[in-house]
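Feature annotations, reproduced from TrEMBL:
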| type | residues | note |
| --- | --- | --- |
| DOMAIN | 7-430 | domain 'Major facilitator superfamily (MFS) profile' |
| TRANSMEM | 12-36 | transmembrane segment |
| TRANSMEM | 48-68 | transmembrane segment |
| TRANSMEM | 80-97 | transmembrane segment |
| TRANSMEM | 109-131 | transmembrane segment |
| TRANSMEM | 143-165 | transmembrane segment |
| TRANSMEM | 171-189 | transmembrane segment |
| TRANSMEM | 247-268 | transmembrane segment |
| TRANSMEM | 280-299 | transmembrane segment |
| TRANSMEM | 311-330 | transmembrane segment |
| TRANSMEM | 336-356 | transmembrane segment |
| TRANSMEM | 377-395 | transmembrane segment |
| TRANSMEM | 401-420 | transmembrane segment |
Amino acid sequence: MEKKLTASSHLFVTVFLSGFATFIVIPAITDVTMFALCPGTDECSLAIYLSGLQQAMIGLGTALMMPLIGNLSDQYGRKALLTLPMTLSIIPLAILACSRTTNYYYAYYALRTLTAMICEGSINCLALAYLADNISDSQRASAFGILSGVSSGAFVCGTLAARFLSTGSTFQVATFVSMLAVVYMRIFLEESIPDQVDGMTQPILKEGEDVIQKDGNAPRKMPVYKKIPSVGDIISLLKSSPSFSQAAVVAFFNSLAEGGMISSLMYYLKARFHFNKNQFADLMLIAGIISTISQLFLMPLLVSPLGDGKLLSIGLLVSCANAILYSIAWSDWVPYAATALSIMMVFAPPSLRSIASKQAGAREQGKAQGCISGISSLANIIAPLVFSPLTALFLSEDAPFHFPGFSIICIAITLMIAFIQSLMIGSAPSTSSDKNSSNCMEV
């Protein structure tokens, strides 16, 4: 047990460093984009459309890559697969660390789009699978909540650091910390291969034979390309468990709303209340502090009495209320007040991942988490295609009626759909239970 806790602590440090490098640049990237594309203005349709296009392209790439990365990590280990996205994420940061002129920005834009197809979400996906390898079902929701708390802590520290750094220094620090994260992970994090984990449980999908031919007594293993999950495998995975398929639907609509917020909120606040880099940083800092405290201390206390199903529903309902509050914000202090709702909004993602994890066997954690991440990425393709044009339209003078927060209220409706679907899940049983094992589908 002590060995598993030590391994988890090194994972938490790795996730923290990687998250810090990612989050420290978020408050600055809007100003960098506006300066490179539309200098001297507070409203830029080109920036909104380019941001939406990038988000859609990244979503398309990650929708294809996440199930593959998750499945390969089941075969070759979590640490081996973590190395690739963590290394690739350094490249775009290094470009803006050198310069933030228009040409450098377009180079960053292109490379960020390409590398994020592999990096976006894969570190979190593999970290969740790593924890599932080492944490029992009963403690998994709490462990996932702590992982989210560590990510929120990285968010707080990154945002706070950005508040006091110049734009150029911000990207230089991000580049250094991302390199440090890779070095730390390679040195200290132990490999986790599901075949080496005790307590195997009934898989969702029946494993194919690893041995396809024998020469004497020497088995020959299946080639790597034969282990890549097909569309049929993903469909069978979704059909195998009602709770898993319902969790997938919730993941889609929740990610659709999150993607809408990413593509809309900052531009909405900048156009409506003239928010600058420091105000964005302050807003995210407050939300991050509240989220960290909630995930590290409050959520572990509530998992046992309420269950991850109820926590998921609570988080989604409060997220819906938060979006409504943003959409009707009448003063620049309202977004700051709305961050108080983060204390319950953060229940949703780790609870959803815990429900999905409990439907998978020990050798399928990467596949299950990759499937959920792929579905979330699919939603991220659609979100900017829907919400970026809506945001640009209702922030312009050509809006059919005056409602700058119209795209945000549409996001609230999306979250309400996710909330209604979450009520059908309830508290998901563990795959290790006899009842659930008898219901597992063999393909």
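The first residue you see is number 1, and the count goes up from there.
Using the three backbone atoms N, Cα and C, a Cβ is placed for every residue, glycine included.
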If you count every Cβ pair below 8 Å, which range out of 12-36, 143-165, 280-299, 336-356 shares the most with the transmembrane segment (247-268)? 336-356
Could you tell me whether the transmembrane segment (377-395) and the transmembrane segment (143-165) are in contact, taking contact to mean 3+ Cβ pairs under 8 Å with a sequence separation of 6 or more? no
What parts of the chain pack near the transmembrane segment (80-97), using Cβ distances under 8 Å and only residues at least 6 beyond its ends? 14, 18, 21-22, 25, 32, 69, 72-73, 104-105, 107-108, 111-112, 115-116, 118-119, 122-123, 126-127, 168, 171-172, 174-175, 178-179, 181-182, 185-186, 189, 191, 366
